[in-house]
Amino acid sequence: MSFVCLRWLSIQASNPMFFFTVGDLMLCSGLLFVNQGKQSISLEPGGQFELSGAPLETLHQTCAEVNSHLYQVKAVAEEMGIGFLGIGFQPKWGIKDIPIMPKGRYDIMRNYMPKVGSLGLDMMFRTCTVQVNLDFSSEADMIRKFRAGLALQPIATALFANSPFTEGKPNGFVSMRSQIWTDTDKERTGMLPFVFDDSFGFEQYVDYALDVPMYFVYRKKKYVDCTGMTFRDFLAGKLPCLPGELPTLNDWENHLTTIFPEVRLKRYLEMRGADGGPWRRLCALPALWVGLLYDDVSLQNILDMTADWTPEERQMLRNKLGANLCPHALLVDSRDIIWDLEKEISVSVTLVPITGLKTPFRDGLLKHVAEEVLQLARDGLERRGFKETGFLNEVAEVVRTGITPAEKLLELYHGKWGQSVDHVFEELLY
């Protein structure tokens, strides 16, 4: 079974200059979370509207669910002049312009984030993603899928890169959303190199999660601030915020939702590397991961292909430290990033969020790896026998040209949009 988790920004469709959050749709009746069967709808910290889909067997069912949901939401929202934007990062507004959803959990996170990273508030209030959640049949199956998913997460980031604007201007990245995760909170994010250790399994992930600092404990309908303390301390009854109290299983499940690596383990595996995108691209991401991870032949081929990738190479695709690059890249053409090298500033940069499929890797480019990965995904879908390969068409075009969705937006920005980002509200409107 697989299911998807979608987020999108909301705007007043008649006037995209004005930020009007879909939160108002739910907040007017005091709602922040709604269940509908095995689906749920929630409001994220900055009013991002999130659908968590039901577990489904085929991509046709998943895509139908997404389409049905979007049609329902549009029908309600259009009467209020509200639209939805499929993009990875808020392209125009600053954090100060974005309303904060009234939830105690978010208040605790908002106060804690600046203590552990410079971009955590951007993550909370200005990012949007599409995640694919996949089940596993055993611990051994989980390990294989976890390793393949982690190794290929930068590929997904590049293929779905769709966040090149910040506060009305190009930001020097094809995926600003991905870049933000590199300086949100290093203790709960990243590529988890221990997943590739021979000893890895459920127990090792639990050990990792026990030592990730907590955010909160939910008691008597209130969120208790437990930031900086560990769940290991909680198990020993040593939380200063709740002295002597021991955790419940629900506390543990809540804690697992506050860990944000590129692939996250809960009762299923979450693939977390892709930007939010427009309607036509939503079904391509689950198609990619289902084709790769739900077919034993393709999964083994991925594991064989990535087996000799070193920890340094995997991390290099995600981060490169000490590069002499100016962090404010000047994008003079959608396909060429020209860096101001006069200022030799040693900074932490992320290769894939900057250069997408043009990221150098071994003797070629990431594009060449993506070509092989796409073929394995297509082969995997073919062997499933559900006639699902058509869902890969959108991503196949990205692989063929080597041009990410973000680069196409930048080409429009420097061309017919006349360097006005306002047109993105029409281009990517659901």
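Cβ coordinates are placed from backbone N, Cα and C, and glycine is handled just like the others.
Keep in mind that TrEMBL annotations are predicted by a computer and have not been checked by a curator.
Owing to the predicted nature of the structure, the values given are computational and were not obtained by experimental measurement.
According to TrEMBL, the features are:
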DISULFID  C63-C283  disulfide bond
DISULFID  C226-C241  disulfide bond
Which listed residue (C63, C226) has most other Cβ within 10 Å, given these are disulfide-bonded residues: C226
Which of C241, C283, all disulfide-bonded residues, has a Cβ with the fewest other Cβ atoms inside 10 Å: C241
Separation of alpha carbons, C283 (disulfide bond) and C226 (disulfide bond) (Å): 38
Nearest-integer angstrom distance between the alpha carbons (Cα) of C283 (disulfide bond) and C241 (disulfide bond): 43
